[in-house]
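**Q** So that we are looking at the same thing, I have put the structure below in structure tokens.
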Amino acid sequence: MDCSEFSWKLKDHPKLPKGKTVGLIVLDGWGEANPDQYNCIHVAQTPAMDSLKQGAPDRWRLVRAHGKAVGLPTEDDMGNSEVGHNALGAGRIYVQGAKLVDLALASGKIFEGEGFKYIKESFKAGTLHLIGLLSDGGVHSRIDQLLLLLKGASEHGAKRIRVHILTDGRDVLDGSSIGFVETLEEELAHLREKGVDAQVASGGGRMYVTMDRYENDWDVVKRGWYAQVLGEAPYKFKNAVEAVKKLREETKANDQYLPPFVIVDENGKPVGPIEDGDAVVTFNFRADRMVMIAKVLEYEDFDKFDRVRFPKIRYAGMLQYDGELKLPSHYLVSPPDIERERMHKSRLSIAFDEYDWNPKSIQFGYFNPEMEEYVEIPSDSGITFNVKPNMKALEIAEKARDAILGGKFHQVRVNLPNSDMVGHTGDIEATIVACKAADDGVKMILDAIEQVGGIYVVTADHGNAEDMVKRDKSGKPLLDKKGNIQILTSHTLQPVPIAIGGPGLVPGVRFCNDVPNGGLANVAATVMNLHGFAAPSDYEPTLIEVNDN
């Protein structure tokens, strides 16, 4: 049976009945790679996931979770939770953040839109400030987009520009920040040759300065505010290259955790604090770590920390970071217009607050508050995730189990973030523990599905923990100058698993073989089928078929 036969417009599926509880589990950062000592998923004890892979070959497969399969520009672009979850929920491949920005920059439309016209009003008398992650990782931002934005802004009237950099070392190799700063400084020098007063004004590591999320630690944002707006930081330097090199050497901090610094002139005065009349752009395209700074820049009523002063500025995000809060109110690139289908099924979504199921950048709220419920489990604050790699997997799984056994919901969706969040720390031993904890959570949820005669779908949103080492072109681990392996903390380009099963699954349901390049966007139609519905014809095709024999 060809999978395209399932593509009807929300009518009953001819062979799959309604009424079974569906448990949808998403493992964050759980890809599939060759087994070795740096594959934490392989090394960890993961009997639940192993049983899915080994128990029913026609109900386990891999799907693509990066590049064009999730709406990113190229096959070299790593997936992430935001684009992955959008693809999982939308059922169609939409142009996502990075590619939206690429298209807007390539066409020049970014400089013709209302957002740019808004900030341009400050160019004549004020300074344009650009705040964001200086990296080519492609998860939160890209340096080539920043350089194009600098060039375009200068050509459209910006005469004084200050860049407030956040060093990465998380989505890219630790230590690469020096090269990125050198590249930026070269471009700023070119602008100065053309008569534009362009300099780096401040900086700091992304996990210590500015880029907190979900209101875990407002002190992170406060450090950025004091450096970027007040020109105050514990470290002062004459240029950004010197700042990064010396801070890495003197503090022994990696790129992620560099302390805040400001650039000062020959008199020791900060070269670029944000003042009344200035324009500010946060140039990250990914939303989650920009929402908090957007609130500080935009909200007049704010009580999370003492801002000391609140300059009257024109602020725009690269995109709108929170569609529900309409934050920021001005942005340079419009978000994708994602349509969603109503399934008229009650559902519960459970997530750790570090990774919401429904990314805040395209948060539409409830379809029907009487039939839906969202639950967030608070994270541990003030610690790095490798300190407690179990995180809140048990609490999340218990909530899901209780919801499934309670019988109130037709669908229970769960996000288990351990393998990704701990994988980002680069701590291999802790990531192994994290993978086991996530697997324990999967086991608890699958047991509940078994008890109610339901159906499970287990998948992931992108890779991470399956490969924790930087490799050369032949696949061998790269070593640093001291002979130590170079740890990989970023997402990967690996595919992710998807498994289906449970006592409620109709005999004969299996993965079909005519969608070999299936990706996360194919999961929505698959889940609709398992609920007893045929998916809309414009969805990516389902991954399953019913074998009548």
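For all residues, glycine too, the Cβ spot is worked out from N, Cα and C.
Feature list, courtesy of TrEMBL:
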DOMAIN    20-534  domain 'Metalloenzyme'
BINDING   Asp28, Ser81, Asp461, His462  Mn(2+) 2 binding site
ACT_SITE  Ser81  active site, phosphoserine intermediate
DOMAIN    101-322  domain 'BPG-independent PGAM N-terminal'
BINDING   Asp420, His424, His491  Mn(2+) 1 binding site
**Q** Whole-number answer please: how many Å between the C-alpha atoms of Ser81 (Mn(2+) 2 binding site) and His491 (Mn(2+) 1 binding site)?
**A** 10
**Q** For the recorded Mn(2+) 1 site formed by Asp420, His424, His491, which further same-chain residues have Cβ atoms within 8 Å of the site's Cβ center?
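**A** After dropping the recorded site residues, what remains is Asp28, Gly29, Asn80, Arg170, Ser419, Met421, Gly423, His462, Asn464, Ala465, Thr489, Ser490.
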**Q** Have a look around His424 (Mn(2+) 1 binding site) and count the other CB atoms within 10 A of its CB, chains all included.
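**A** So the Cβ neighbour count for His424 (Mn(2+) 1 binding site) comes to 22.
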**Q** Among all the protein chains here, how many other CB atoms are within 10 A of the CB of His462 (Mn(2+) 2 binding site)?
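**A** A count of 29.
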**Q** Using the alpha carbons only, what distance in Å do you get between Asp420 (Mn(2+) 1 binding site) and Asp28 (Mn(2+) 2 binding site) once rounded?
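**A** Cα-Cα distance, Asp420 (Mn(2+) 1 binding site) to Asp28 (Mn(2+) 2 binding site): 5 Å.
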**Q** For Asp28 (Mn(2+) 2 binding site), what is the tally of other C-beta atoms lying within 10 angstroms of its C-beta?
**A** 29
